[in-house]
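Annotated pyridoxal 5'-phosphate binding site per TrEMBL: Arg75, in sequence order. Marked as substrate binding site by TrEMBL: Arg97, Ser98, Gln105, Arg313. Taken from TrEMBL, the feature tRNA binding site covers Lys271, Arg396, Arg462. What TrEMBL lists as N6-(pyridoxal phosphate)lysine is Lys284.
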Amino acid sequence: MNSETLAFCEKLVSPSYVQMGSQAKRIHENKIRHLMQHRKLPDEGWDDFTIELLMQELAAMDSNNFPGNCGVGERESRIFSGMVARRHFRLGHGIGRSGDIAAIQPKAAGSSIINKLTNSLALDAIKIAGVQSVASCFLVPMATGMSLVLCMLTLRHKRPDAHYVLWPRIDQKSCIKSIITAGFVPVIIENKLEGDELRTDVEEIERRMVELGPENVICVMSTTSCFAPRVPDRLEEIACLCKKYSVPHLVNNAYGLQSTKCTHLLQQANKVGRVDAIVQSTDKNFMVPVGGSIIAGFDKTFVEEISQNYPGRASASPSVDLLITLLSMGSSGLKKLLKERKEMYSYLSEELRKCATRNGETFLDIKHNPISLAMSLTPREDGQSITDVGSMLFTRFVSGTRVVAQLGKETNVNGIKFMNFGAHSNNYPCSYLTAAAAIGVNKSEIDSFINRLDKVLTKWKRSPTLNPVSLLSALKEEQRENEDTENKIFQEAGFLESQNSCDGICEARNPLPLDDDFDS
């Protein structure tokens, strides 16, 4: 309300009450003013009311929310469903224009401000995470793989005769598919086994770079964050090679922003060599829904070239999600999350080591991976598939673990054959299980995981040669354990008042089956 409206309010209630309300409102307005002026994360996270006030003010600046607006174009941000309109704060124009995702929309000032503001806050967040010298970034409404495609297609304009991407192997299909989709030929650089770790073969990268001719290489695509036992690539050495041979360097930093180790590698790589662009996921680093990534770089001009290469307008949803989240976190909240994640990594590392020892397995020494951990899994003598361990964990509400069996199986990915795909290597010495201490994980989750993993491994290592009576007893015990686990989860979620209270939802659940024994 403006001063004139407030004067009328004073005729309805006591002027002192109106003044108090006005002062409180100015606190929210001052936060918004400070944000627009400095375009950095607030020191302390905002409450939801202030964020909603900001979003409503910005939405009111888009033409579809103008009183009496007459839209006669083909795209006027008409939203049929009221629920959809509320979900998007009545923002329907998206971001950018047909020729540039970073361009201003004349009839969507509010959405354009959100776009610019989100990119500014994302840049500040990257610097807080540890990449201090990053020059520019923008959020694109595509996940990591397609964002890597956009970067490579932009490099094609600079190197039209180049066809090859040197790619230190990481067994994630989106990486290899991004190269194929961009129209390039992947040159796979196998990792070297050093102790328990799979590390970058820098010498092989240089050999292939010289063999193919640097002018024929579109870029080297390196990786920071990855599943153990692979570790982040040797970014500094790769950056030096790229600088020496004038070859672009694209870094897949999917969930590396949450790790100070990964951000330090990026900072140092740019300091000693060449890094052209860095791609990171919004959902993995900032706990927002899947659908966005941040493309950043140390050369502002090149980052702008990538943004200008995006065809058409884009969805504003990932920008809105990230803006709201960063305002809720504030810089202190982000720093706290990064610190807690590092502490949880140490805790998970210690607990997984103990679990491995208790179950006669080996905790793999992968000290150069700051997020993912692994322990060995010994196959059973009866030949039962070791990947059943993963299925058993999943049926016990454990997600995110990966069980990798060394079966010598061949996998075809876009016409390229890989042996033991998922292991980052053709012949890693053992089968193993991985777990990650990612941002937002807490001690309770780790404790529950270790407890359930212990039970699964105990069952897995149990001799299969049981007589019928013992087998029936074991199956009944297994059913009781799973019912206890399920009841505990529902109780923690607030569905059950106590472990013995099984009215309603507990009655509606079918008893856990005995015949498939949860191993399928």
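Backbone N, Cα and C define each Cβ position, glycine as well.
Remember, predicted model here, so these are calculated numbers, not experimental data.
Features per TrEMBL, on structure.
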| residue | record | DSSP (3 states) |
| --- | --- | --- |
| Arg75 | pyridoxal 5'-phosphate binding site | coil |
| Arg97 | substrate binding site | strand |
| Gln105 | substrate binding site | coil |
| Lys271 | tRNA binding site | helix |
| Lys284 | N6-(pyridoxal phosphate)lysine | helix |
| Arg313 | substrate binding site | coil |
| Arg396 | tRNA binding site | coil |
| Arg462 | tRNA binding site | coil |
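Neighbours of Arg462 (tRNA binding site), defined as other CB atoms within 10 A of its CB across all chains, total 12. Neighbours of the substrate site: apart from Arg97, Ser98, Gln105, Arg313, residues of the same chain with C-beta atoms within 8 angstroms of the site's C-beta centroid are Gly94, Ile95, Gly96, Gly99, Asp100, Ala103, Gly312. With respect to their backbone Cα atoms, Arg75 (pyridoxal 5'-phosphate binding site) and Gln105 (substrate binding site) stand 12 Å from each other. In space, Lys284 is the closest of the recorded positions Arg97, Ser98, Gln105, Lys284, Arg313 to Arg396 (tRNA binding site), judged by Cα positions.
Taking the binding-site residues Ser98, Gln105 in turn and counting surrounding C-beta atoms within 10 angstroms, the largest count is reached at Gln105.
Of all residue pairs in the tRNA-binding list (Lys271, Arg396, Arg462), the one with the greatest Cα separation is 54 Å apart.
The sparsest Cβ neighbourhood within 10 Å, among the listed binding-site residues (Arg97, Lys271), is found at Lys271. In this structure, the C-alpha atom of Arg313 (substrate binding site) lies 24 angstrom from that of Lys284 (N6-(pyridoxal phosphate)lysine). Sparsest Cβ environment among the recorded positions Arg75, Lys284, Arg313, Arg396 (other Cβ atoms counted within 10 Å): Arg75.
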